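Pulled from Swiss-Prot, these are the features on record:
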{"type": "BINDING", "residues": "T8, K23, N33, F35, G36, G37, K38, W117, A118, D119, D120", "note": "O(6)-methyl-dGMP binding site"}
{"type": "BINDING", "residues": "T8, N33, F35, G36, G37, K38, W117, A118, D119, D120", "note": "2-oxo-dATP binding site"}
{"type": "BINDING", "residues": "K23", "note": "8-oxo-dGTP binding site"}
{"type": "BINDING", "residues": "G36, E56, E100", "note": "Mg(2+) 1 binding site"}
{"type": "BINDING", "residues": "E52, E55", "note": "Mg(2+) 2 binding site"}
{"type": "DOMAIN", "residues": "3-132", "note": "domain 'Nudix hydrolase'"}
{"type": "MOTIF", "residues": "37-58", "note": "motif 'Nudix box'"}
Amino acid sequence: MFTSKLLTLVLVVQPGRVLLGMKKRGFGAGKWNGFGGKVQTGETIEQAARRELLEESGLTVDTLHKIGNIKFEFIGETELMDVHIFRADNYEGEPAESDEMRPQWFDIDKIPFSQMWADDILWFPLMLQKKRFLGYFKFQGHDVIVEHKLDEVEDL
């Protein structure tokens, strides 16, 4: 039987570019990713997304658009990662390095998918087109997808 861990992920998108962070420590270290983390007791998923974005990048946002929800299973683990994905098109502040992440802008045609989670290349196009999606990815280790499902949806 699986338990579930509630997590957030925020992608900051500007015309022609996306802000990613190089994860410096912990789960996913050495990979480029959006900004996010665990939902803490007493906060909503959106509050957690805003808090994690601020902590990891120094940015604040007025509006977050929920764009996706992906459940991740890692073979041998008993906990599913239930990741709620948001897109932010406007922000305040300047991206700043934190203990956990080093932010960097990437042109849309130069996103470093080879240095990211293997699933990102599959759902990023939907996110960039502002299309909503639901997904499930089963990983062997941290690099090999053994099974997946990804569907575009009207609402989340």
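Cβ atoms are placed via backbone N, Cα and C, with glycine included.
A simple Cβ count within 10 Å picks out one of the binding-site residues F35, W117 as the most packed, and that one is F35.
Recorded residues G37 (2-oxo-dATP binding site) and K23 (8-oxo-dGTP binding site) have their alpha carbons 12 Å apart, per Cα-Cα distance.
Fewest other C-beta atoms within 10 angstroms, among the binding-site residues G36, G37, are seen around G37. Each residue contributes its Cα atom, and for N33 (O(6)-methyl-dGMP binding site) and E55 (Mg(2+) 2 binding site) these two points are 15 Å apart. Here the candidates are the binding-site residues K23, E56, W117, D119. The one whose C-alpha lies nearest to that of T8 (O(6)-methyl-dGMP binding site) is E56. The distance from the Cα of G36 (O(6)-methyl-dGMP binding site) to the Cα of W117 (2-oxo-dATP binding site) comes to 14 Å.
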